[in-house]
């Protein structure tokens, strides 16, 4: 029997909290998969198509407003109830056109904004725990997308079943998150970040300028790797046919720095493996033939290239997280940095899809 204060329970709660953190991005992904088409675009479908970059931008703003976060943390149950209601309504009307149910696009935008506190709240709690717990959290985030990829492959998106995992992630994830907050490891992590009596606040916190002073080198390397990723991906999209028609299946890379960092280690030695590997993969994507079978191989190599670059950026994220581990607000800062990277990558992939799609 697994006790609620055991390490197994902590891993399970962390995994389910990861699925909860994925819900605002899954919400955008669902509407993009159902209603966004490359062949024709209207004002409404454009909202769904660009919803993920806008969600990243809104999340960055929320990371910079800790007062708003504290207020929203007390209302997570109400947000969950509203989101479940919105999902049920959208599932009920998913077979109708927007002319008959014109409120659906507005409901999509409103619910996306309502779900934004979940990634911030879960990250703030989970990253007070030991590093192994972080892996389960990121695995849960990635696993939630894998479920929807499987549903897309099975072509069940025209059924109401397509919305069911989203509701399960919401309700189950929130219940797990509330248990996670009370876990002994999370409380111990909070205690380690208590300020001594000469500090002005209850917990140790860093300003943006203090964080920059501690992590200047890591941030510079992260930005350099991000620019290299953007330039390389642009070359793949504009010079090869690899990304044509793959937009919906590339959505995981829109949030890659929130879901793929778990494969990284906090050691720069890993870069001596990841970066040459990425260079080889990028070269193969460009030089291989253009036959149907070879195009599939090139698409897989492109995905591996992106995973390698995300893992390389994840090395710097892990180093930043280690340097800022004493601060209670370090998870918000790291989340903001990851979201900036995701915003750049998602904007680039969206533009490429519009240009070559």
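Each position is counted from 1, following the chain as shown.
Even glycines carry a Cβ here, placed using N, Cα and C.
Among the features that Swiss-Prot reports, transmembrane segment is placed at 20-40 (among others).
Marked as transmembrane segment by Swiss-Prot on the basis of sequence analysis: 44-64 (among others). Taking Cβ pairs closer than 8 Å, the transmembrane segment (44-64) reaches residues 24-25, 28-29, 31-32, 35-37, 98, 105, 108-109, 112-113, 116-117, 119-120, 251, 254-255, 332-333, 335-336, 339-340, 342-343, 346-347, 350 in its own chain, all 6 or more past its ends.
The transmembrane segment annotation in Swiss-Prot covers 78-98 (among others).
Among residues of the same chain six or more beyond the transmembrane segment (101-121), those with a C-beta under 8 A of the stretch's C-beta atoms are 20-24, 27-28, 31, 44, 47-48, 51, 55, 58-59, 62-63, 69, 72-73, 76, 79, 82-83, 86-87, 89-90, 93, 173, 177, 258, 332, 335. Feature annotation from Swiss-Prot assigns transmembrane segment to 101-121 (among others); the stated evidence is sequence analysis.
Annotated transmembrane segment per Swiss-Prot: 132-152 (among others), in sequence order, evidence recorded as sequence analysis.
Within the same chain, residues 12-13, 15-23, 26-27, 30, 33-34, 76-77, 80, 83-84, 87-88, 90-92, 94-95, 118, 121-122, 125, 144, 147-148, 151 sit at least 6 positions outside the transmembrane segment (157-177) and bring their C-beta atoms closer than 8 Å to a C-beta of that stretch. Marked as transmembrane segment by Swiss-Prot on the basis of sequence analysis: 157-177 (among others).
With a threshold of 8 Å between CB atoms, the same-chain residues lying at least 6 positions outside the transmembrane segment (219-239) that come near it are 212, 278, 282, 285-286, 302, 305-306, 309-310, 312-313, 316-317, 320, 337, 341, 344-345, 348-349, 352, 355-356. Among the features that Swiss-Prot reports, transmembrane segment is placed at 219-239 (among others), with the record citing sequence analysis.
What Swiss-Prot lists as transmembrane segment is 242-262 (among others), and the listing cites sequence analysis. Same-chain neighbours of the transmembrane segment (242-262): 21-22, 25, 29, 32-33, 38, 52-53, 119, 134-135, 137-139, 141-142, 145, 149, 152, 236, 285, 295, 298-299, 302-303, 306-307, 310-311, 313-314, 317-318, 335, 338-339, 341-342, 345-346, 349-350, 352-353, 356-357, counting only residues six or more beyond its ends whose CB sits under 8 Å from a CB of the stretch.
Feature annotation from Swiss-Prot assigns transmembrane segment to 270-290 (among others). Same-chain residues lying 6 or more positions outside the transmembrane segment (270-290) and placing a CB less than 8 Å from one of its CB atoms are 232, 235-236, 239-242, 264, 297-298, 301-302, 304-305, 308-309, 311-312, 315.
Annotation comment: Swiss-Prot describes 300-320 (among others) as transmembrane segment.
Per Swiss-Prot, transmembrane segment is recorded for 333-353 (among others).
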Distal contacts, the transmembrane segment (300-320) - CB-CB under 8 A, six or more residues away:
215, 218-219, 221-222, 225-226, 228-229, 232-233, 236, 242-243, 253, 256-257, 260-268, 270-271, 274-275, 277-278, 281-282, 284-285, 288, 334, 337-338, 341
List, by number or range, the same-chain residues at least 6 past the transmembrane segment (333-353) whose CB is under 8 A from its CB atoms?
38, 49-50, 52-53, 56-57, 59-60, 63-64, 119-120, 123, 127, 206, 208, 211, 219, 222, 226, 229-230, 233-234, 237-238, 243, 247, 250, 253-258, 261, 313, 317, 320-321, 324, 327
Long-range Cβ neighbours of the transmembrane segment (132-152) (under 8 Å; 6 or more residues past either end):
10-12, 14-19, 21-23, 25-26, 29-30, 33, 122-123, 126, 161-162, 165, 169, 185, 248-249, 251-252, 255, 258-262
